[in-house]
């Protein structure tokens, strides 16, 4: 029986909640989704701020987000994607662990397109 878990700031994430992983990153469904299909891509190493990622972690994080984003857009029949990082508490980061939000976007999901940022 595996005792492996993923860390997300102070939280332990059960591997069953992770649907994609690489040696440096993992992806999971956001438990508080802004839109259906909202997922998070995180570095495996607990890193609070984006600037503290290594070059390899940064590359892997964005390549993972690109791969997951393409699949989400197709699966959710979306027409666009929003990728966002809230880097630090004043930027709205509530979990002190770098993560990219990927949000599949559709016509009419928000009355004004930028309202999505109020929901983040």
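Start at 1 and count along the chain as shown; that gives each residue its number.
Glycine is no exception: its Cβ is also placed from the backbone N, Cα and C atoms.
In sequence order, 8, 40, 41, 42, 85 constitute the residues six or more apart from residue 99 (active site, tele-AMP-histidine intermediate) in its chain with CB-CB distances below 8 Å. Here TrEMBL flags 99 as active site, tele-AMP-histidine intermediate.
If you look up TrEMBL, you'll see 30, 86, 92, 93, 94, 95, 101 marked as substrate binding site. In this view, residue 86 (substrate binding site) is surrounded by 18 other Cβ atoms within 10 Å of its Cβ, with every protein chain counted.
Residues or ranges marked as domain 'HIT' by TrEMBL: 5-112.
Counting residues 6+ beyond its ends, the motif 'Histidine triad motif' (97-101) has Cβ neighbours under 8 Å at 7-9, 30, 34, 38-43, 46-50, 52-53, 61-62, 65, 82-87, 120 in the same chain. Residues or ranges marked as motif 'Histidine triad motif' in TrEMBL: 97-101.
The local packing around residue 117 (site 'Important for induction of apoptosis'), expressed as other Cβ atoms within 10 Å of its Cβ over all shown chains, amounts to 13. Annotation source TrEMBL lists site 'Important for induction of apoptosis' at 117.
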Mind giving me a neighbour count for residue 94 (substrate binding site)? Other Cβ atoms within 10 Å of its Cβ, every protein chain shown.
-> 9
Hey, of the binding-site residues listed (30, 93), which one tops the CB count within 10 A?
-> 93
Counting only other Cβ atoms and using a 10 Å cut-off, which of the binding-site residues 92, 101 scores lowest?
-> 92
Report the DSSP secondary-structure composition of the domain 'HIT' (5-112) as helix, strand and coil residue counts.
-> 30 helix, 31 strand, 47 coil
